[in-house]
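Enquirer: First the structure, which I've put down as structure tokens, then a few questions once you've had a look.
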Amino acid sequence: MIATALLAALAFVLLQPFASRVIRFSLEREGAVERAALASGDSPWHWRFAGRDDVVAGRVFGTGQLEPVDDGLQVRATDDRPNEVGFPLARTVDLRRLDTLRLDMTASTAGEYTLSARQTLISPLLFADLGKQPRGRLPTAIRLDQLAWRDAAGRPTDLPPRLAMLRLGVRLPAQASLTLREAWLSSGSGPLETSGVPMPAGLSAEALLHWRDRRYASDPLATFGSQAPPGPHWTGWTWLPLPIYVVILVISGRRAHRRGAAGATDALLALAGPLWLIAGLGLGPALSPAGVAMFALGVAYAGALAWRRLIPAWHWSGSWRMAGWPLLAIPVTIALVAVAGHSLAWPPAGRAALYVGWALFQQWLLLAVAGSLLDRAMPRPFAVLLTALAFALLHTPNGLLMQLCFVAELGWAWWYMYHRSLLPVALAHAAAAVVLQAGLTGGILRSLEVSARYLM
């Protein structure tokens with residue numbers, strides 16, 4: 001028991017350096033890719049249009065319809081009123097160095113085009129007229145600094161040095177279409193050579209991202225680290241673990257079926273897929289297809305073990321006389337928010353419902369499947385410790401959230417191993433998440449996002 005407590009304390013302390021290291025590696029890798037793009041005449045602001053999520057809000061601003069097509073994304077006019085498509089800007093653009101908008105788009109007929117922009121998301125809207133363009137390909141390069149910009153009142157104005165919003169406006173006859181394939185910002189004077197900014201040592205995951213954001217505020221083209229630009233390489237390696245994982249799952253599943261019970265190996269295999277996606281930073285604005293496949297296989301394997309009754313029995317609620325113990329996490333979370341939080345800003349009902357569903361899924365996977373199998377195969381304290389560690393890693397690289405989850409799951413898993421009741425833990429998990437979202441995010445807790453979404 002003492003050894004387990006020491007290991008738990010060590011794991012708690014190491015979670016922050018681990019999260020920081022994951023973020024540091026991600027920033028270095030991203031920096032190398034961005035430096036290579038700038039040196040080749042490209043930039044990080046490059047959009048390839050294949051689905052609705054590739055434009056702002058996933059829709060057209062106006063009456064037009066947005067549909068994926070074989071060679072891109074199509075805007076179809078339903079009447080002759082203007083429509084706009086927003087280019088997603090992950091961060092502010094420096095127009096002093098990236099002054100050219102390049103387009104790969106084709107119109108089915110002649111139309112009138114404009115650009116609209118804002119220096120910040122709350123700045124006044126600016127417009128530039130691109131004139132009437134004929135049927136076919138749009139101009140492939142537009143010098144933004146050479147356009148005649150005007151404000152909402154029609155008065156001439158200068159193009160600001162930076163942009164936080166950029167939209168392409170188009171006015172076409174009814175049923176005419178514009179097909180978007182690619183758009184990107186680049187330097188009109190040619191490739192840009194940049195060097196990476198060294199990252200300070202010793203920062204936590206949250207502090208490292210705050211430092212990155214301050215650097216971006218002073219220089220939107222800043223890149224980090226000194227990692228060499230990636231060279232041409234075979235991209236199929238990202239799929240290589242998948243067939244290996246499938247083979248191992250099949251072998252282990254057959255062995256468990258012959259024995260009539262699953263074991264610790266099966267628990268780790270069920271967790272491996274979800275951990276591969278999340279801890280491997282595959283869950284982001286652009287999902288990793290290989291990571292999603294690994295996630296699905298892990299969950300499917302856990303479901304197969306449960307369906308074949310190869311895991312220990314469990315129930316949803318059981319006796320509620322002891323359910324108050326896991327629910328203690330709620331007043332503890334409220335106290336944490338009262339001490340270190342801010343005024344409450346409750347999430348929308350839909351997001352709160354998402355927390356409940358996600359909590360049920362996670363606790364089913366961690367407790368009903370993996371934790372129970374670990375408890376069957378090893379001393380209970382070690383099973384609880386491994387279950388809590390897996391819960392923390394499912395929140396990589398959100399360092400502080402990983403530590404909070406680790407501590408919470410130590411208590412929840414210990415209680416569950418004795419009572420085998422899932423719903424009280426899941427409700428406590430979901431309620432605590434809603435309170436954290438309402439009162440702590442944006443303060444000492446950057447967000448509740450995980451994987452690559454946390455880096456946004």
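Cβ coordinates come from backbone N, Cα and C, glycine included.
Copying in the features that TrEMBL gives for the protein in this structure:
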TRANSMEM  234-252  transmembrane segment
TRANSMEM  264-284  transmembrane segment
TRANSMEM  290-311  transmembrane segment
TRANSMEM  323-346  transmembrane segment
TRANSMEM  352-370  transmembrane segment
TRANSMEM  382-415  transmembrane segment
TRANSMEM  427-448  transmembrane segment
Enquirer: Same-chain Cβ contacts of the transmembrane segment (234-252) under 8 Å, 6 or more residues past its ends?
Expert: 265-266, 269, 272-273, 276, 288, 290, 293-294, 297, 301
Enquirer: Six or more residues beyond either end and a Cβ under 8 Å away: which residues meet both conditions relative to the transmembrane segment (352-370)?
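Expert: Sequence-distant neighbours of the transmembrane segment (352-370): 267-268, 270-271, 274, 299, 302, 305-306, 311, 314, 346, 387, 390-391, 394, 409, 412-413, 416, 422, 425-427, 429-430, 433-434, 437.
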Enquirer: Are there residues at least six beyond either end of the transmembrane segment (290-311) with Cβ under 8 Å to its Cβ atoms? List them, or say none.
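Expert: The answer is 238-239, 241-242, 245-246, 249, 253, 256-257, 260-262, 266, 269-278, 280, 282-283, 365, 368-370, 372-373.
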